[in-house]
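These notes concern the structure reproduced below.
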Amino acid sequence: MTIKDKRLDEELFLKEREEVLKAWPTGKEVDFDEAVAYHKSIPEERIMVNTLMKADQVGKTLIQPRAGVALPEEHIGLLQYLREEGEADLLPTTIDSYTRQNQYREAENGIKESREMGRSMLNGFPAVNHGVKVCRQVNEAVNVPVQVRHGTPDARLLAEITLAGGFTDFEGGGISYNIPYAKSVAIEDTIRYWQYVDRLVGYYQEHGVNINREPFGPLTGTLVPPSISHSVAIIEALLAARQGVKYLSLGYGQNGNLIQDVAAIQSLRELARDYLDKFGYDDVMVTTVFHQWMGGFPQDESKAYAVISWGAAAASLSRATKVIVKTPHEAMGIPTKEANAAGLKTTKQIVNMLQDQGLEQTHNMDEEKEMIIRETEQILNRVLELGDGDLVQGTVRAFSAGVMDIPFAPSKHNAGQVLPARDNQGAVRYLNFGNLPFSHDVKEYHREKLSERGQVEDREVDFQMVIDDIYAIGKGMLVGRPR
Amino acid sequence: MAGKNDDNKPTVVLGVIGADVHAVGNQILEHALREAGFDVANIGVMVSQKEFVSAAIETGAEAIWVSSLYGHGEMDCRGLREKCIEAGIGDILIYVGGNLVVGKQDWEKVRKLFLDMGFDRVYPPGTLPEEAIADLEEDLKSRGVL
């Protein structure tokens, strides 16, 4: 069956739900009407949409960590600690990697081993295995909204369990949780799975329950040029809106050049509003998410705090609605709760100090914003052309033609031809355009920026430059200058 | 024993084990190994132990390089050496590197854990490709391959 950008037929959707809920025994715990009634009993301060909308109105940047461990009691303790000690405004429940691949048996084994070993053997919270009741215990144990964060190509069951479990925000999307998170799942399949998730959110919405949806902004987290991540964010926003989603947070991963990072959040907001309105979704609300640097971190904790601080500053100055926070243990993997709280407090201090300061809208910033908007429009126009107006088919064809192409992604359905590199000021530019549908002058702009760096460093603009840039921040620099 | 490729370059099987999808380091390692004159059978992300072993047999590889960045390495890597022994390539070099366990743990303990599992070399996060490549060259020389 060819998948189109159409709202799922209700009868077929409800039939599919029955199948989805049978995939693991905890699916039996899901009762939609009861879940709607439960959501209506959730106090204001634990509903994500309320908190995000309020922050957005006053231009405040909220802070949110990543966190998840195998066992419920430990997970609850972790969230409470990050709220109380870390001063987190919003909390996450990060899902483990087995659950992300629908490997519920392996997750079960991880839960068992975690109990035996007395430490978490999983890198997140296996929400499907724990089921609806335990999810509600998690939400009820804290006084702020909790979001499900993961990386699951087929998250239908996870969405069913966690939404019935009282979570009010769900991350992911058919592109952003496929290309950076899977090896061989077809894009058409993941778009279809995420139509289901979005339809489920829309279904709650129609029953009076506000649930926020957040496409995953940073993608592979490695020097992703803003116009690539913006294109994905806007497509996923439009696909979600089609299924009845009314509240969206669109994200972007910090690249490290302040002007480019601020311009990226500004342009993301404008582009999203523009496209949603153009498609007739003017009642869909958009907030923004800024991810602190997602690439390699310095091992040294003081240096890591500096990277965290720079991300906090860029997030605040860009007026992003929330910032996702890194920790001083980033280079070592999953942090202790103390390190996680430390990253949060560092961020909180900076966000508070910058809340009443603005950044002057300079010529450079306008130029940067203009370029991001032009590039994104060129990509999205070609996607729509390729789909004869249909966004799903356009997206599928765009990936197979390399018109959309995400650098360093593991998926075999991604062309992998695009290569980014930093220019002489550290902004991320295109070194290889692959098949991105950019106009001649856009390409010239990037070539000039990179050749300027090549001249300063007296070397060729090539793959070695890319490698140097990937390691640079971990080694104490932004631009990977020759050693 | 030299590689079974026509060019006689030693072959390294490269992959990210388990349900892990971290692809960036994998691509850089491939590039670095090729630059250093190795043949690389890069089997990418989300690789099972069985796939590592099959790829090593198919390519006549001298070494298997396992990456694990997401913290499940301890569960994913257990038994890989035994699988190689069962398949008749028990003496193949196996290296592992990355964020191998959940949380910040004492590195020497982590290293010992993986050496006891039968890995020849174990690398902490942040290791540059050059370091592991130099070790590989040394190990291959001592085996008379290089």
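Yeah, the Cβs are placed from backbone N, Cα and C, and that goes for glycine too.
The DSSP breakdown of the domain 'B12-binding' (B:9-146) into helical (H, G, I), extended (E, B) and coil residues amounts to 59 helix, 31 strand, 48 coil. Summarising the annotation, TrEMBL assigns domain 'B12-binding' to B:9-146.
Summarising the annotation, TrEMBL assigns adenosylcob(III)alamin binding site to B:Ala19, B:Asp20, B:Val21, B:His22, B:Ala23, B:Ser67, B:Ser68, B:Leu69, B:Asn99, B:Leu100, B:Val101, B:Val102, B:Gly103. Note: B:Asn99 (adenosylcob(III)alamin binding site) has non-local neighbours B:Ser68, B:Leu69, B:Tyr70, B:Gly71, B:Gly73, B:Pro125, i.e. same-chain residues 6+ apart with C-beta under 8 A of its own C-beta.
The predicted model assigns the domain 'B12-binding' (B:9-146) a mean pLDDT of 95. The Cβ of B:Ala23 (adenosylcob(III)alamin binding site) lies under 8 Å from the Cβ of B:Val16, B:Gly44, B:Val45, each of which sits 6+ residues away along the same chain.
For B:Val101 (adenosylcob(III)alamin binding site), the same-chain residues lying six or more positions away in sequence with a CB closer than 8 A to its CB are B:Gly71, B:Gly73, B:Glu74, B:Val110, B:Leu113.
Spanning the residues B:Ala19, B:Asp20, B:Val21, B:His22, B:Ala23, B:Ser67, B:Ser68, B:Leu69, B:Asn99, B:Leu100, B:Val101, B:Val102, B:Gly103 that the record associates with binding adenosylcob(III)alamin, the maximal Cα-Cα distance equals 21 Å. Shown in sequence order, B:Gly71 are the residues of the chain, 6+ apart in sequence, with a C-beta less than 8 angstroms from the C-beta of B:Gly103 (adenosylcob(III)alamin binding site). Proximity to chain A (CB-CB distance below 8 Å) holds for B:Ala23, B:Gly103 among the binding-site residues B:Ala23, B:Ser68, B:Gly103.
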